[in-house]
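Student: Here it is: the structure, laid out below.
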């Protein structure tokens, strides 16, 4: 199947002077030695810088810790894969037969890595100004989202504020089980709220993480 790279360029709103950069950025290691791994390394740093710079300028009153959490939220793998899906990136990847059969074009890690590689390709082809322009275009709806700062609050804090605003009782977290070897334990936590029928569960490598995941699950249930 022939891959139409011009269509992807239109979706990116960027025309490559050297299309070889884009081809390499779309090539998974399973498809050849000239793959996107080195591009991914470079793209990760470019993305981190551009987002950090944008957040620094947009939020002059935020602390270093707040800016770091916002950046981490915006450049995490799940977010990158989400953006990649929005532009249909999976349709343009060059994958080996094994990855193709196993659905690699849908895999979060592959989509995230490929998007970072494309950002590096744009930088190598058109410089930092071009890369910054494309990054800010891809992230525009997220950077402009009035709820962006909600990610500064952890799930337990968000759940508590939601319950207080809704006049509910505060949640109770119960450690129900610890399993696994001492160096690789898994903690199981249950979250319940008096007067609320829903029950939420969380598992993690420590109690704090398990409680956060249980709180997140409960909040998602309550908010429907």
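For all residues, glycine too, the Cβ spot is worked out from N, Cα and C.
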Student: Swiss-Prot has 113, 116 binding Mg(2+). Which one of 37, 40, 182, 194 is in the same site?
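Tutor: The record-listed residue among the candidates is 40.
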Student: Residues near the Mg(2+) site, 40, 113, 116 excluded, by Cβ within 8 Å of the Cβ center?
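Tutor: Going along the sequence, the neighbours come out as 36, 37, 39, 41, 43, 44, 112, 114, 115, 117, 120.
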Student: Quick one: Cα separation, residue 116 (Mg(2+) binding site) versus residue 44 (active site), in Å?
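Tutor: About 6 Å separate the Cα atoms of these two residues.
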Student: Where does the mean pLDDT land for the domain 'DRBM' (154-224)?
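Tutor: A mean pLDDT of 93 is what the model gives the domain 'DRBM' (154-224).
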